[in-house]
Amino acid sequence: MGSLFRSESMCLAQLFLQSGTAYECLSALGEKGLVQFRDLNQNVSSFQRKFVGEVKRCEELERILVYLVQEITRADIPLPEGEASPPAPPLKHVLEMQEQLQKLEVELREVTKNKEKLRKNLLELVEYTHMLRVTKTFLKRNVEFEPTYEEFPALENDSLLDYSCMQRLGAKLGFVSGLIQQGRVEAFERMLWRACKGYTIVTYAELDECLEDPETGEVIKWYVFLISFWGEQIGHKVKKICDCYHCHIYPYPNTAEERREIQEGLNTRIQDLYTVLHKTEDYLRQVLCKAAESVCSRVVQVRKMKAIYHMLNMCSFDVTNKCLIAEVWCPEVDLPGLRRALEEGSRESGATIPSFMNTIPTKETPPTLIRTNKFTEGFQNIVDAYGVGSYREVNPALFTIITFPFLFAVMFGDFGHGFVMFLFALLLVLNENHPRLSQSQEILRMFFDGRYILLLMGLFSVYTGLIYNDCFSKSVNLFGSGWNVSAMYSSSHSPEEQRKMVLWNDSTIRHSRTLQLDPNIPGVFRGPYPFGIDPIWNLATNRLTFLNSFKMKMSVILGIFHMTFGVVLGIFNHLHFRKKFNVYLVSVPEILFMLCIFGYLIFMIIYKWLAYSAETSREAPSILIEFINMFLFPTSKTHGLYPGQAHVQRVLVALTVLAVPVLFLGKPLFLLWLHNGRNCFGMSRSGYTLVRKDSEEEVSLLGNQDIEEGNSRMEEGCREVTCEEFNFGEILMTQAIHSIEYCLGCISNTASYLRLWALSLAHAQLSDVLWAMLMRVGLRVDTTYGVLLLLPVMAFFAVLTIFILLVMEGLSAFLHAIRLHWVEFQNKFYVGAGTKFVPFSFSLLSSKFSNDDSIA
């Protein structure tokens with residue numbers, strides 16, 4: 001893995017690919033994932049590029065594979081994983097693969113079409129059989145037909161008129177029979193009555209079982225109906241109404257003999273159709289099983305082939321159209337691998353003239369490549385979310401690995417909560433190879449991707465929880481308190497000592513609401529707690545006052561150290577980019593401004609802690625007053641922290657005042673002087689011009705020494721401000737904005753770090769309230785039923801702890817930690833104006849199809 005401190009050194013390379021070997025060379029490059037292609041045909045439409053026909057062929061193959069996957073999934077056939085990453089298919093096998101897939105598609109569509117046709121015929125025959133069975137007794141029955149709706153007039157006692165009677169009336173009696181869905185029966189009957197004006201008689205009955213609709217495949221409830229009518233015009237109306245309501249009409253036999261013959265024929269045909277349908281389904285499943293063996297590999301191969309042609313469309317042809325020219329960004333350490341990939345592709349294609357590459361100088365800014373692993377990837381993503389780092393500048397992710405979980409833990413510090421978070425993250429880490437976790441839903445996937453961040457956040461929270469001595473809002477007495485309560489009783493001291501000190505007696509114990517421990521009394525304070533805060537503070541009424549003072553000062557100290565470290569990292573950027581004047585004219589004034597004010601504030605805090613004990617604490621001056629007096633220069637003499645304090649503060653204020661104009665005007669004036677002189681600091685040595693060679697002939701004229709020199713100076717050329725681009729007004733305005741932003745930002749950013757204190761206080765108080773409202777109530781029950789009450793109380797306490805204190809409070813602390821890194825820390829040195837290096841790599845392809853077919 002490359003360095004995480006700074007991005008990889010990149011170079012621009014020109015590839016010369018023979019037409020017959022270009023496909024194989026790009027296939028080898030895609031497997032290695034070493035280079036990022038530049039589009040040399042930006043002014044050419046995607047429909048006018050050289051290999052658009054091949055891309056269309058790949059899209060057609062993708063369409064066929066999508067159809068195959070859909071049919072295999074519909075048949076509930078498992079898709080075997082097969083080879084994880086098969087190579088791109090050779091060109092000589094592409095046409096064969098296309099013919100096989102097209103032939104398989106035609107066969108599947110034909111078999112599927114025949115199967116659906118057989119299935120539809122079978123369902124129609126089954127419906128016809130049910131219709132004959134139900135309507136068999138309609139003409140033999142003589143029951144009273146009761147209308148469903150009041151607007152229907154009552155019928156005669158006989159539901160159907162006698163056929164002989166109709167013959168005597170001279171009318172022609174007709175029948176229409178079929179099936180209709182249950183939900184359409186009432187509307188269907190109403191429409192028949194209104195349209196036919198009562199010249200129809202409808203008889204219907206519900207089927208005992210649900211049948212599948214041949215059109216939709218939905219299993220629904222059906223009704224069998226028989227419509228008797230007289231007159232040809234009425235018959236036409238009835239048939240049209242049946243079509244409107246999507247009724248399934250079947251011929252109605254006129255005689256019992258005809259009914260019996262139809263029934264026998266239907267039974268025979270149904271048995272034959274069952275046999276043919278089963279054989280068709282077996283054959284279709286065999287074809288799909290055979291296709292499923294290679295469909296996953298085919299998907300990957302087609303995606304790789306399409307990606308290769310996308311990259312070939314970015315290349316340009318030379319004047320002879322026999323050679324493709326490509327420009328790629330490649331890390332310098334991967335140049336040998338790039339050459340080997342070209343040799344491998346040329347060897348596989350059997351070309352007599354191998355493909356080759358040359359590095360070319362450029363003034364363009366290369367993309368940023370920072371190699372990560374599964375541990376550092378999450379922290380790098382946090383930095384990249386703010387902005388991808390500029391080329392070769394210091395990468396904050398290296399330090400974020402420690403500072404981010406630590407600042408989170410300062411706000412979240414609780415031993416119990418941190419340990420629960422650590423266990424959850426440890427569970428994700430130990431099961432990181434589980435396929436269900438890596439393919440889970442979005443929220444769980446987000447936790448899984450940040451498992452190492454959660455692990456360190458939980459681990460650091462355990463550490464800060466031990467310092468705060470907080471475990472679910474309660475203190476843990478591991479080493480014994482450093483305070484001795486018994487030493488405060490008067491009985492433990494001599495009468496002479498009792499006259500000099502305020503001690504406790506029985507009356508004091510009975511009548512005082514609060515008792516104060518005096519560390520000046522011998523034996524009361526035996527020394528500091530070995531690690532963290534003494535557990536006796538958990539019982540003190542002034543506990544919150546003490547913790548607020550401690551956490552506020554700690555937040556200021558951590559914030560100033562964090563920001564100063566960011567300014568120091570900026571020095572590494574200036575030295576790397578050969579801009580030493582920025583060190584003296586920008587970084588040094590910034591450090592002086594920061595340390596002379598806020599560094600001195602840290603000094604006063606630590607000095608007061610060390611110089612004043614419990615005996616002299618009443619004489620200790622206020623740091624706030626002393627810090628304000630530092631800028632007011634009071635005439636009256638005050639008792640300072642140390643001798644000579646006023647002189648030291650005057651010197652620090654003078655340095656601060658002098659640093660501001662240097663920061664404001666130093667860099668613009670120096671660049672103006674440099675622009676007018678042109679002979680200072682080696683400008684004559686750097687005044688060369690980097691020219692890109694646009695053809696193979698020009699590249700061949702370059703000597704190896706020139707190419708090496710161009711590569712080594714590419715970084716300087718990318719950032720060099722030429723004489724033609726110099727604009728003093730713009731530089732002055734930019735530096736003025738930077739100076740004002742920095743000076744005001746030092747104050748606002750220092751105040752912003754007080755969120756460490758605020759969120760730590762909020763988390764501790766919320767945890768304390770949750771304990772007091774739930775666990776304290778459950779633990780105070782002394783009856784026999786106390787255990788039974790404690791179980792639901794503990795369960796409710798655990799649920800609220802997880803969702804409120806771990807999830808909600810953890811998310812809040814997480815966002816505030818991100819803010820402190822993005823704004824307060826990274827703006828001191830991090831530009832974040834680069835572009836990410838996205839290599840042409842087959843590992844970035846997915847085996848699943850999506851609407852976006854381009855290579856990410």
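Cβ atoms are placed via backbone N, Cα and C, with glycine included.
Pulled from Swiss-Prot:
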- SER695: phosphoserine (MOD_RES)
- SER700: phosphoserine (MOD_RES)
- 1-393: topological domain 'Cytoplasmic' (TOPO_DOM)
- 432-445: topological domain 'Cytoplasmic' (TOPO_DOM)
- 476-549: topological domain 'Vacuolar' (TOPO_DOM)
- 570-587: topological domain 'Cytoplasmic' (TOPO_DOM)
- 609-651: topological domain 'Vacuolar' (TOPO_DOM)
- 672-739: topological domain 'Cytoplasmic' (TOPO_DOM)
- 765-785: topological domain 'Vacuolar' (TOPO_DOM)
- 825-856: topological domain 'Cytoplasmic' (TOPO_DOM)
- 394-412: transmembrane segment (TRANSMEM)
- 415-431: transmembrane segment (TRANSMEM)
- 446-475: transmembrane segment (TRANSMEM)
- 550-569: transmembrane segment (TRANSMEM)
- 588-608: transmembrane segment (TRANSMEM)
- 652-671: transmembrane segment (TRANSMEM)
- 740-764: transmembrane segment (TRANSMEM)
- 786-824: transmembrane segment (TRANSMEM)
So, do the transmembrane segment (394-412) and the transmembrane segment (550-569) meet, by the test of 3 or more Cβ pairs under 8 Å (sequence gap 6 or more)? yes
Any chance you could find the range in 446-475, 550-569, 652-671, 786-824 with the most Cβ pairs under 8 Å to the transmembrane segment (415-431)? 446-475
Short question: which residues 6 or more past the ends of the transmembrane segment (550-569) have a Cβ under 8 Å from it? 394, 396, 399, 403, 407, 410, 533, 587, 590-591, 594-595, 598-599, 601-602, 605-606, 746, 749-750, 752-757, 760-761, 820, 824-830
Can you tell me which parts of the same chain pack against the topological domain 'Vacuolar' (765-785), counting only residues 6+ beyond its ends and a CB-CB cutoff under 8 A? 414, 417, 470, 472-474, 793-794, 796-797, 800-801, 804-805, 809
State the residues, same chain only, that lie 6 or more residues beyond the ends of the transmembrane segment (446-475) and have a CB under 8 A from a CB inside it; answer 'none' if no residue qualifies. 374-375, 377-379, 381-382, 401, 404-406, 408-410, 412-426, 428-429, 432, 437-438, 440, 529, 531-535, 537-538, 547, 760, 764, 767-768, 770-771, 801, 810, 814
Within the same chain, where does the topological domain 'Vacuolar' (609-651) have neighbours whose Cβ lies under 8 angstroms from its own Cβ atoms, ignoring anything closer than 6 residues to its ends? I mean 6 or more beyond. 519-520, 525, 600-601
